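A short worksheet on the structure shown next.
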């Protein structure tokens, strides 16, 4: 049977799903509810497979499968985006939201079918539920999508299948099935969008910063796949391999990624980037400020490693120490959200590319910094870093950045949505930077009453909710573009549900919580 924390986590997700569709009920709501019901049952099959070691790939073992919460993220994002753009009269992005929702449902359904297919004996009731959910989804897609949109959805599914087979084989124990669905599903969608836009370039159409995000994400992923295959046949820790790594990075960057970006934005990418970064005096001040914060974060890493004595080599950084980085990230993002969101958008893309590239250097032991990075970062490992990659800091950056990247700017006439939607770019700051941080700090230091079946405390969750409400009040004071239009009850309910999800989920909360808070705010 499912254990109590999984049941409570599932209940919270169902409440979120029903709350969203109480506001935006349409034909896709039936699909989402059917998907949620079948994902709940299939989640049990995945958990059993993980416990018995019967899954095809090696998944992260310190957590449940997380299929239900992960399955609902992309469909709900597409549905709320469709409704926002429909109300704004932007037909192109309304259709885009439908494609996102359909893609998310089909990819989640595919993962469910895999679990049912490899479960022995075959679970008859779960098969029937999966068949019913699949029939509802396919019937709705048939009557909602054009032929080109159906092809696009199938393209993303095909990319997801191949990416899953490659990355889950190369990166054992890095993901749960739910995390793999979110991460690989997102990468598949980005790759498909980049291919589609590269084949249909129209001069002057499209925002360069959107193209910059697509090319940067796909570029660093392809770079990693290339070197992973290459270093199967040669030792990556030698000086010759390291020299080859740096040379090929330069060749691929200047010979493939730069021309690709040039084709999309129709100008020199380096000149465009420099002009963009130093366009105004405010941007210069923000860049100087962020450089100082980055140096402070590096200082924390060096200081904590200096404290590690030779007698305590197995010593790990405490929860409070790791939350220093959350405070630094909040201090980084809030000024960017208030003064220049486009700069924050581009800076977050650059940081993501740098973080992933440094992880390649650490993972492949590329000289001269690979071994040093291994030593420095080993202090901050926790149970979620059970695979060969260290991903928690990348998830933190993604959790803070995704609400900024996914904010539907074209559907916001004055650069901001109405009501609770005005807080969408702040979802990462509230859920991870404030809520998760305060819950961990206060829960670990003063918490006494534990939520049943978890290590999280009632005091930590209540303090997190209170802290997020205070943060919303401060945002209202300092960011004049935010106008909540008396949607305070919805904001309180959204913050409370996501904080309860933080208490019960065993998935990567840095990634999951901001997306659910964004969905609630956009609804």
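Here, residue 1 is simply the first one shown, and the rest follow in order.
Using the three backbone atoms N, Cα and C, a Cβ is placed for every residue, glycine included.
Note on the transmembrane segment (61-80): residues 6, 9-10, 13, 16-17, 20-21, 24, 26, 28-29, 31-32, 35-36, 39-40, 42-43, 46-47, 50, 97-105, 107-108, 111-112, 115, 173, 176-179, 181-182, 185-186, 189, 383-384, 386, 406, 501, 505-507, 512, 515-516, 518-519, 522-523 of its chain, located 6 or more positions outside it, place their CB under 8 angstroms from a CB of the stretch. Annotation comment: TrEMBL describes 61-80 (among others) as transmembrane segment.
If one looks beyond the transmembrane segment (92-116) by at least 6 residues along the same chain, the residues whose Cβ comes under 8 Å of a Cβ in the stretch are 28, 31-32, 35, 38-39, 42, 45-46, 49, 56, 67, 70-86, 122-123, 126-127, 130, 133-134, 137, 141, 144-145, 149, 152-153, 156-157, 160-161, 177, 181, 185, 188-189, 408, 410-411. Residues or ranges marked as transmembrane segment by TrEMBL: 92-116 (among others).
Long-range contacts of the transmembrane segment (122-141) within its own chain (CB-CB distance under 8 A, at least 6 residues past either end) are made by residues 27-28, 30-31, 34-35, 37-38, 41-42, 44-45, 102, 105-106, 109, 112-113, 116, 150, 153. As annotated by TrEMBL, transmembrane segment applies to 122-141 (among others).
Sequence-distant contacts of the transmembrane segment (153-171), counting only residues of its own chain at least 6 positions beyond either end whose CB sits under 8 Å from a CB of the stretch, comprise 56-59, 99, 102-103, 106-107, 110, 141, 145, 180, 184-185, 187-189, 191-192, 225, 228, 387-389. Under the heading transmembrane segment, TrEMBL lists 153-171 (among others).
Within its own chain, the transmembrane segment (211-232) is flanked in space by residues 166, 170, 187, 190-191, 193-194, 197, 241, 245, 248-249, 252-253, 256-257, 260-261, 264-265, 269, 273, 345-346, 349-350, 352-353, 356-357, 360, 364, 405, which lie at least six positions past its ends and keep a Cβ under 8 Å from the stretch. Feature annotation from TrEMBL assigns transmembrane segment to 211-232 (among others).
Per TrEMBL, the feature transmembrane segment maps to 282-303 (among others). Beyond the ends of the transmembrane segment (282-303), by six or more residues, the same chain brings 321, 324-325, 328, 331-332, 335-336, 339-340, 343, 347, 376-377, 379-380 to within a C-beta distance below 8 angstroms of the stretch.
Look at TrEMBL and you will find 324-339 (among others) tagged as transmembrane segment. Here the transmembrane segment (324-339) has Cβ contacts under 8 Å with residues 282, 286, 289-290, 293, 296-297, 300, 347, 393, 396-397, 400, 404, 425-426, 428-429, 432-434, 436-437, 478-479 of the same chain, all six or more residues outside its ends.
The transmembrane segment annotation in TrEMBL covers 345-365 (among others).
Under the heading transmembrane segment, TrEMBL lists 386-406 (among others).
Marked as transmembrane segment by TrEMBL: 426-446 (among others).
Sequence annotations record features per position, and here TrEMBL assigns transmembrane segment to 458-478 (among others). Listed as Cβ neighbours of the transmembrane segment (458-478) (distance under 8 Å, sequence separation of 6 or more from its ends, same chain) are residues 338, 423, 426, 429-431, 434-436, 438-440, 442-444, 446-451, 484, 491-492, 495-496, 499-500, 502-503.
The transmembrane segment annotation in TrEMBL covers 490-517 (among others). Sequence-remote contacts of a segment are chain residues at least 6 beyond its ends whose Cβ falls under 8 Å from one of its Cβ atoms, and for the transmembrane segment (490-517) they are 5, 8-9, 12-13, 15-16, 19, 62-64, 66, 69-70, 73, 77, 176, 178-179, 182-183, 384, 391-392, 395-396, 398-400, 402-403, 419-420, 423, 427-428, 430-432, 435-436, 439, 451, 454, 456, 460-461, 464-465, 468-469, 472, 484.
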